[in-house]
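Feature annotations, reproduced from Swiss-Prot:
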- 1-42: topological domain 'Cytoplasmic' (TOPO_DOM)
- 64-90: topological domain 'Extracellular' (TOPO_DOM)
- 112-130: topological domain 'Cytoplasmic' (TOPO_DOM)
- 152-189: topological domain 'Extracellular' (TOPO_DOM)
- 43-63: transmembrane segment (TRANSMEM)
- 91-111: transmembrane segment (TRANSMEM)
- 131-151: transmembrane segment (TRANSMEM)
Amino acid sequence: MEKNESSAIEIAESSKERKGKAPLLAAAVGHDRAAGYKRGVSIFDLILRISAATAALAATIVMGTTEQTLPFFTQFFQFRAQYDDLPTFTFFVVGMAIVTGYLILSVPLSIVCIARPVAIGPRFLLIVCDTVTAVLATSAAGSSAAIVYLAHNGNSDANWLAICQQFNDFCQRVSGAVVAAFVAVVCSS
């Protein structure tokens, strides 16, 4: 060898150094677009779920606290309107309370779907339970909407009088609760 030349000496790796290294046989794994899409849908689902829970809770509270008393001639003789005077409104309060409870309790499962977007089990369970609660919320809101319509307009064929001329505050609160329930139905569907 001459002065300017250098030579490389190869030293074999010990068995300790080789254990921690794996040979590179595959290319780097790219970003999975399907998982990103599912994560985005799950985030949107969580936002809608929280919105529906808020609307359902508001509808339940407003309907459950609705009452109005009208004095008639004296203080001892009064007309009183409460939500529980009509079984449809009682069904509304119970049904929307169940929907609210489910929507609040399903938020953690929705978060699991965000963290693990490819998990099929939690997503399927949410779809089935969401369908059941959407039907319950729709039936509660629809039946109450029919009674609110009768309260506003009456039915001359059945000789039912409109009561909203006398119980204006009661009718306004009940109408607001029904609108909030339909908002919850749209958000939870």
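Using N, Cα and C of the backbone, Cβ positions are placed for all residues, glycine too.
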| query | So what's near the topological domain 'Extracellular' (152-189) in sequence-distant terms, Cβ-Cβ under 8 Å and 6+ beyond its ends? | reply | 48-49, 51-53, 55-56, 58-60, 62-63, 65-68, 70, 79, 81, 83, 89, 92, 96, 99, 103, 130, 133-134, 137-138, 140-141, 144-145
| task | Could you give the residue numbers and ranges of same-chain residues that sit at least 6 residues beyond the topological domain 'Cytoplasmic' (112-130) on either side and whose C-beta is under 8 angstroms from one of its C-beta atoms? | result | 34-36, 38-39, 42-43, 45-46, 102, 106, 188-189
| message | Averaged over the topological domain 'Cytoplasmic' (112-130), what pLDDT does the predicted model reach? | response | 87
| Per DSSP, what is the residue tally for the topological domain 'Cytoplasmic' (112-130) in helix, strand and coil? | 14 helix, 0 strand, 5 coil
